[in-house]
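To start, the structure itself, in structure tokens.
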Amino acid sequence: MEKFVRLISMAPLLLLLCLPFAFAGHDYGQALSKSLLFFEAQRSGYLPHNQRVTWRANSGLNDGKASGVDLVGGYYDAGDNVKFGLPMAFTITMMSWSIIEYGKQLGSSGELGNTMEAVKWGTDYLIKAHPQPYVLYGEVGDGNTDHYCWQRPEDMTTDRRAYKIDPSNPGSDLAGETAAAMAAASIVFRHSNPTYANELLTHAHQLFDFADKYRGKYDSSISVVQKYYRSVSGYNDELLWAAAWLYQATNNQYYLDYLGNNGDSMGGTGWGMTEFGWDVKYAGVQTLVAKFLMQGRAGHHAAVFEKYQQKAEYFMCSCLGKGTRNAQKTPGGLIYRQRWNNMQFVTGASFLASVYSDYLASAGRNLNCAAGNVAPSQLLSFAKSQVDYILGDNPRATSYMVGYGNNYPRQVHHRGSSIVSYKVDPTFVSCRGGYATWFSRKGSDPNLLTGAIVGGPDAYDNFADERDNYEQTEPATYNNAPLLGLLARLSGVVVPGPIEKKPAPQPKVTPAPASTSSPISIAQKMTTTWIANGNTYYRYSITVTNKSAKELKDIKLSISKLYGPLWGLAKSGNSYAFPSWISSLPAGKSLEFVYIHSASAADISVASYTLA
């Protein structure tokens with residue numbers, strides 16, 4: 001485990017709550033562009049002429065052939081080469097929702113076309129996977145044999161059997177999610193390609209009917225999926241989720257009535273959740289139904305929809321830490337749900353917080369939490385804090401988006417990126433040979449999996465960049481999908497100021513008071529300025545360096561003329577000390593902290609220190 005010795009500059013949460021959108025420390029537009037490239041790296045089938053991830057080649061060209069159906073295309077879900085229908089459909093739903101909410105911002109960033117192409121790559125496959133009204137193929141390939149192999153998709157020798165659901169082997173969760181994906185995508189293409197949109201809606205109607213009429217869990221029918229994507233929440237949430245999206249797409253009263261009549265019995269009004277993802281959709285359903293209510297579309301179901309909304313707000317309050325049962329967070333402030341691929345819950349929750357913030361703002365109301373009323377801007381500030389953590393504002397100063405920033409995972413648990421490109425060396429890579437030659441090597445991946453969001457750190461913000469650490473270094477399409485809209489939303493934020501350009505002041509160096517030969521140096525500089533509500537604010541970055549040949553075991557800093565929040569140090573009486581996640585500073589290493597206020601630089605000096 002790499003030892004952390006530097007703190008990345010990060011806007012303190014306190015400031016974000018008081019001054020939302022005061023400044024943007026990240027290039028969200030660049031992160032959005034990179035995130036979309038990840039989906040191109042996950043493509044299966046015949047790659048298009050405009051494929052930008054050039055180290056990939058065609059793969060899975062016989063998928064479905066043994067079953068007499070064309071299942072070429074779609075996405076590999078994560079670092080393996082299996083096509084799993086449930087997470088793929090959820091990915092398409094969330095990409096579509098991103099466009100529906102933030103299409104304008106995506107257009108402004110120049111990425112709307114690429115996002116729509118990413119959706120269509122998925123829906124083209126879902127159409128193929130639904131050859132008959134009551135037949136849906138939910139998996140191609142087998143996780144067990146696939147995980148025995150470490151091969152590029154282009155070399156696959158594993159079993160590519162296709163698995164389906166039908167009336168005798170139902171899967172309401174799988175069919176429901178696929179119906180939701182088709183319905184949401186139909187909204188995306190309604191104006192640009194109405195014929196395609198209508199085709200998607202036809203599939204959505206049929207799939208919802210299939211899901212509702214022949215009820216059952218899909219992992220009972222496709223048992224090989226149980227070790228990988230078991231539907232723990234059952235299928236009621238997907239039925240409600242599909243109904244919500246079909247109502248959004250069609251305004252058909254049938255689906256509104258379905259939500260109203262089944263909200264209590266199917267858990268929509270009863271389940272208060274602290275997670276949202278490919279399995280558990282309740283928080284997403286509740287968010288959408290709350291929107292219908294705030295838009296005045298609930299009709300005679302208003303009383304039931306208010307109960308949905310209460311549960312939506314339960315989720316939002318838990319994310320903010322202002323509810324009766326709050327989401328767990330790491331010391332660095334990241335939502336933490338589980339060890340394995342925790343980042344999926346971070347991006348999902350952040351997206352819901354962002355859209356709900358906008359819904360509340362449009363309705364002119366606040367969020368009702370156990371801790372009191374909360375302004376909508378605080379939800380967006382929370383979402384921004386999670387995105388900023390992902391992009392590098394965290395105790396390890398690590399970007400968990402591959403290729404963004406300077407410090408990001410280099411040994412991603414991903415077959416295609418970890419093996420030399422087929423276009424560079426087409427020599428066949430065998431199952432076990434891939435493990436021996438490529439999986440076990442300690443160097444950086446030969447192919448950069450640009451834009452991939454990996455599983456992320458543990459409950460204490462620790463992260464090991466190792467290929468066999470699949471819990472933390474494996475990416476997934478459903479990690480990235482909610483992030484598309486959120487990055488577009490943040491890149492579209494109108495930042496208040498700076499109104500006038502000011503020449504950046506030269507860095508002010510404040511040496512330790514002992515003498516110029518002091519073993520501790522303090523360098524202070526102003527990194528940005530902006531105007532909000534008529535006031536000018538300054539952000540200062542301070543670097544403390546241990547110039548001695550010994551380890552700095554303890555330090556006390558005296559800070560005067562500080563009139564705003566500070567992040568990156570721990571208050572210790574009248575002075576400041578190492579934060580909780582740093583116990584010492586090795587020779588020659590530095591730590592960084594930041595503060596923000598509307599005055600000139602604070603006075604910072606070393607009160608005491610211990611070298612050992």
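Positions of Cβ are set from backbone N, Cα and C atoms, glycine also.
Residues or ranges marked as active site in TrEMBL: HIS413, ASP465, GLU474. Annotated domain 'Carbohydrate binding' per TrEMBL: 520-600, in sequence order. Feature annotation from TrEMBL assigns signal peptide to 1-24.
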The mean pLDDT across the domain 'Carbohydrate binding' (520-600) is 82
Just jot down the residues in the same chain as HIS413 (active site), at least 6 apart in sequence, with C-beta under 8 A of its C-beta; none if empty.
GLY79, VAL454, ARG467, ASP468, ASN469, TYR470, THR473, GLU474, PRO475
Near ASP465 (active site), how many other Cβ atoms are within 10 Å of its Cβ?
19
